Amino acid sequence: MEIILGVVMFTLIVLALTVMILFAKSKLVNTGDITIDINEDADKSFTAPAGDKLLNMLSSHGIFVSSACGGGGSCGQCRVTIKEGGGDILPTELSHISKREAKEGCRLACQVSVKQNLKIELPEEIFGVKKWECEVISNDNKATFIKELKLKIPDGEVVPFRAGGFIQIEAEPHTVKYADFDVPEEYRGDWDKFNLFRFESVVAEPTVRAYSMANYPEEHGIIMLNVRIATPPPSVPDAPPGIMSSYIWSLKPGDKVVISGPFGEFFAKDTDAEMVFIGGGAGMAPMRSHIFDQLKRLHSKRRISFWYGARSRREMFYEEDFDQLQAENDNFRWHVALSDPQPEDNWTGYTGFIHNVLLENYLKNHPAPEDCEFYMCGPPMMNAAVIKMLKDLGVEDENIMLDDFGG
């Protein structure tokens, strides 16, 4: 009898607690529709069920805020200004938003759970962002670990991007086997050496990532990306490979891909100052876009140089393009430094890391490096080394432009 009474009492307590929780939830959490007031413009504002993240709500209503990490809170790009509602800023946002910015209402849309009516402000250019379903034209190796993905924009459509801009590419849940990758024989040596074909990428959720465009605005009808495969580091061989890079490497001509854009902040300044471009690896993409735009579209007479770091001749690409630009433009010079040239390369050019080569062979004897504009994109270690070198030369932050795809 005591056991039965105990079970009954326990059940009643659980039921009572459940009722209390549901009652509290009904009072504290808005489970009905809420209103998102955008820029105090009724045509841009909308109503939606409460509970989702602000980034997702905006996207579902055709407003695409930049989010290079796909809403994971790590890139800090999906900034919005919240005037009313939104609650307190979260610890996950504080590494991207300063105290001053937080006081002004700056938040990360991917971290804001919408539980009440909001009043927000968005830059006007966001409303020019669109989605397109593109078709893969080609997806070819340009280096051992870098593919050039070329996409066809739908007929009659235009992606109104600026040189240095980027798009976001979407992937549905998928499984990718590296053994199915089409890697030309000339690049297979390192793939076999490090047993990379054994990897698989299994993704259960839709994914979004950002990539800088390698084409420039007058290369119409296409989007061109340089994508480096993100394999697990040798020190952590059991780590999962890169989600989006694995997906992109699996794409074949004729496949359909959804992109959104354009986005960007890595734009050239409209001045007459000398431009120095510094790149490495897949950081080639915005370098190519910028340099082609300056010389082929704008016919710039600014002094321009491009310094690119690669491991060996096999990792160099777009050589003919830049050689031709150099031959056609007296104001442009480009230089490559190989950090690990192979015997078969018969390399007679610069060797070493690109920041050292740039310093020793150009900037050290430059009359005023602090007056130049520096545009860079490459691996994080390269970026850090270049920035330190430039700071040591007295270059101010305002003249150092970085496309920080490596975080």
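Counting begins at 1 with the first residue displayed.
Note that Cβ sites are derived from N, Cα and C of the backbone, with glycine treated the same way.
Taken from Swiss-Prot, the feature [2Fe-2S] cluster binding site covers C69, C75, C78, C110, and the record attributes it to sequence analysis. If you look up Swiss-Prot, you'll see 32-126 marked as domain '2Fe-2S ferredoxin-type', on the strength of sequence analysis. Summarising the annotation, Swiss-Prot assigns domain 'FAD-binding FR-type' to 129-269 and lists sequence analysis as the type of evidence. Annotated transmembrane segment per Swiss-Prot: 3-23, in sequence order.
Positions of Swiss-Prot features highlighted on the structure.
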{"residue": "C69", "record": "[2Fe-2S] cluster binding site", "DSSP class": "coil"}
{"residue": "C75", "record": "[2Fe-2S] cluster binding site", "DSSP class": "coil"}
{"residue": "C110", "record": "[2Fe-2S] cluster binding site", "DSSP class": "helix"}
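In sequence order, L55, S66, S67, A68, G70, G71, G72, G73, S74, G76, Q77, L108, A109 are the residues of the same chain, not among C69, C75, C78, C110, whose CB sits within 8 A of the CB centroid for the [2Fe-2S] cluster site. The binding-site residues considered are C69, C75, C78, C110; of these, C69 has the fewest other C-beta atoms within 10 angstroms of its C-beta. Summed and averaged per residue, pLDDT over the domain 'FAD-binding FR-type' (129-269) gives 95. Secondary structure counts, DSSP: the domain 'FAD-binding FR-type' (129-269) has 23 helix, 57 strand, 61 coil.
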